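Quick notes on the structure that follows.
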Amino acid sequence: MSTELFSSTREEGSSGSGPSFRSNQRKMLNLLLERDTSFTVCPDVPRTPVGKFLGDSANLSILSGGTPKRCLDLSNLSSGEITATQLTTSADLDETGHLDSSGLQEVHLAGMNHDQHLMKCSPAQLLCSTPNGLDRGHRKRDAMCSSSANKENDNGNLVDSEMKYLGSPITTVPKLDKNPNLGEDQAEEISDELMEFSLKDQEAKVSRSGLYRSPSMPENLNRPRLKQVEKFKDNTIPDKVKKKYFSGQGKLRKGLCLKKTVSLCDITITQMLEEDSNQGHLIGDFSKVCALPTVSGKHQDLKYVNPETVAALLSGKFQGLIEKFYVIDCRYPYEYLGGHIQGALNLYSQEELFNFFLKKPIVPLDTQKRIIIVFHCEFSSERGPRMCRCLREEDRSLNQYPALYYPELYILKGGYRDFFPEYMELCEPQSYCPMHHQDHKTELLRCRSQSKVQEGERQLREQIALLVKDMSP
């Protein structure tokens, strides 16, 4: 029976160009199943012939054979197929006429490899795969086609490489024809998808590289251009209306951005600034606001008034607030005699100043009215401010802080030099004698030496007073 089986398969394999491997395998297995009565088939689940054959291999007696008696004949693998005759000659039968176990294993491996190659090269799987997978499939198919075409030239080398690649000693991959159903439209769609993927990758690379571009390097001129937004034909909104709308919206946004709410911190800061400004307008004992309008001057700790205010004071415009005022001319006697403000007192030394104001302090009869003292010299830069500070310091020492005998002290800004040209009629005599006059050089030296002695005596008295305070318990 076995001889008839293999002779029939040999005749069928030799006739024509030869059927495929799977048809020959099925015929051979069906004949074996008819011969072997001990082979049982499960009718519940349909299986392939190879699966049936291997599933019940434990019950087969034909699998307990020896090794093959002859080597495989692989000379006919260049055609891409193998016939049943070549299979029977390569896998010998034992004495009982059954196939050897090694032959059956080779048949199983050949069937598995053939099924895998058919699944890999199916058109449906190629169409459903990604572009990268499609590209790899094309490369594998081209490689297999080129290898099958060159088998006729180099038989031995290509057989080894083909067997290593396929993992089977029997079967080879047949050359697959191109899918006839794959039309030009599908090919164009695949190429368009590949182009879109490549463009996206290029844009991502350009955007990432732009972050690390050096400022000194020139810009890349080969950057992809941005797509211009095409205007729709159905859009009937005029451009002027659009410009007006967006301009109005931009102004509204700017107004909202510039608006700032007042916080608690801002309120406290403004209150502190107002208090500081108000304190600058308060008198020395911080009880009232200054009666005369003040201006900024050279010394920030002193209050300055302009010539117009002094002229208004002399004309009696502040009688409702002021009971009595004094204009102290701190210049030397020859300057005072050369021209001075009406009613001004010439007190150029500290001793004279203290004796006039502090030996017997002047107190206003009306508590609601005030006593004002205005100091000046030629420019009101040194002598006038110095005498004003001396009187304030001595007044502080005689009273308990913040009480003062004379809380309102002012400096005439610009001195007699600025007052005389504007208000000459308020001067007696109507003339002006500068300090460095050529006719009064000796008097200038005498007055300076006298003032220096007085200044030294004053500093000595202050030091003695400090020592007495330190020694007292």
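Glycine is no exception: its Cβ is also placed from the backbone N, Cα and C atoms.
Which of 78-104, 132-158 counts as region 'Disordered' depends on Swiss-Prot, and there it is 132-158. When Ser207, Ser216, Ser449 are compared in Swiss-Prot, the phosphoserine annotation sits on Ser216. Each residue of the region 'HIV-1 Vpr binding site' (334-379) gets a DSSP state, and the totals for helix, strand and coil are 13 helix, 11 strand, 22 coil. With a 10 A radius on its CB, Cys377 (active site) counts 25 other CB atoms from all the protein chains.
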